[in-house]
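Since the structure comes first, as structure tokens, the remarks are kept for the end.
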Amino acid sequence: MLPMITGFMNYGQQTLRAARYIGQGFMITLSHTNRLPVTIQYPYEKLITSERFRGRIHFEFDKCIACEVCVRVCPIDLPVVDWKLETNIRKKRLLNYSIDFGICIFCGNCVEYCPTNCLSMTEEYEFSTYDRHELNYNQIALGRLPMSVIDDYTIRTILNSPQTING
């Protein structure tokens, strides 16, 4: 009789333990009902990017010294830098700079190691196109600021402010 009572006690303890585990899982599930949804409705809502987001690369032609550090640190040798040596001033003159975003892995090495800070990451992440050749950006396309920067409140205030002329 004693082994039978011990068996029922073990069965009861196992049942209570199982009910406790099920209750813990149920409480975790209920705690998720109070959270805000993470999903966004993409075409109608835009993703809020973090400060360190690595989007499209912005290029400033005037700052570039054609040192090709960006090409050397790129894991896939992506930036194409065309330059000409000016013998009279003994400096390189940048002719063309382009990046193909169809191949770019957005690692950020080019931005990090650029000695003149002519490269920077933007918040732009929408690159959809029907032709992959449209993803090859030259220095003119890389120099354009993304719309999120143009729509910034401070930029709009500066653009809309009346300019005073000192007479």
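Cβ from N, Cα, C; glycine included.
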Study note, to complete from the structure: Which of CYS74, CYS118 shares the [4Fe-4S] cluster 2 site with CYS104, CYS107, CYS110 in Swiss-Prot? The record says CYS74
Check your understanding: Under DSSP, the domain '4Fe-4S ferredoxin-type 1' (55-84) has how many residues in helix, strand and coil?
Key -> 8 helix, 8 strand, 14 coil
Point to revise | Beyond the flanks of the domain '4Fe-4S ferredoxin-type 2' (95-124) by 6 or more, those residues with Cβ under 8 Å of it | key: 49, 53-65, 67, 69-70, 73-76, 78-84, 132, 135-139, 142, 145-149
Point to revise | Chain-mates of CYS64, CYS67, CYS70, CYS114 with C-beta within 8 Å of site centroid, [4Fe-4S] cluster 1 | key: ILE65, ALA66, GLU68, VAL69, VAL81, CYS110, PRO115, THR116, CYS118, LEU119
Practice item. List the Cα distance (Å, whole number) between CYS107 ([4Fe-4S] cluster 2 binding site) and CYS114 ([4Fe-4S] cluster 1 binding site). Key: 14
Check your understanding: Residues near the [4Fe-4S] cluster 2 site, CYS74, CYS104, CYS107, CYS110 excluded, by Cβ within 8 Å of the Cβ center?
Key -> ILE57, CYS70, VAL73, PRO75, ILE76, LEU78, PRO79, ILE99, ILE105, PHE106, GLY108, ASN109
Point to revise | Close in space, distant in sequence - CYS104 ([4Fe-4S] cluster 2 binding site), Cβ under 8 Å, 6 or more apart | key: ILE57, ILE76, LEU78
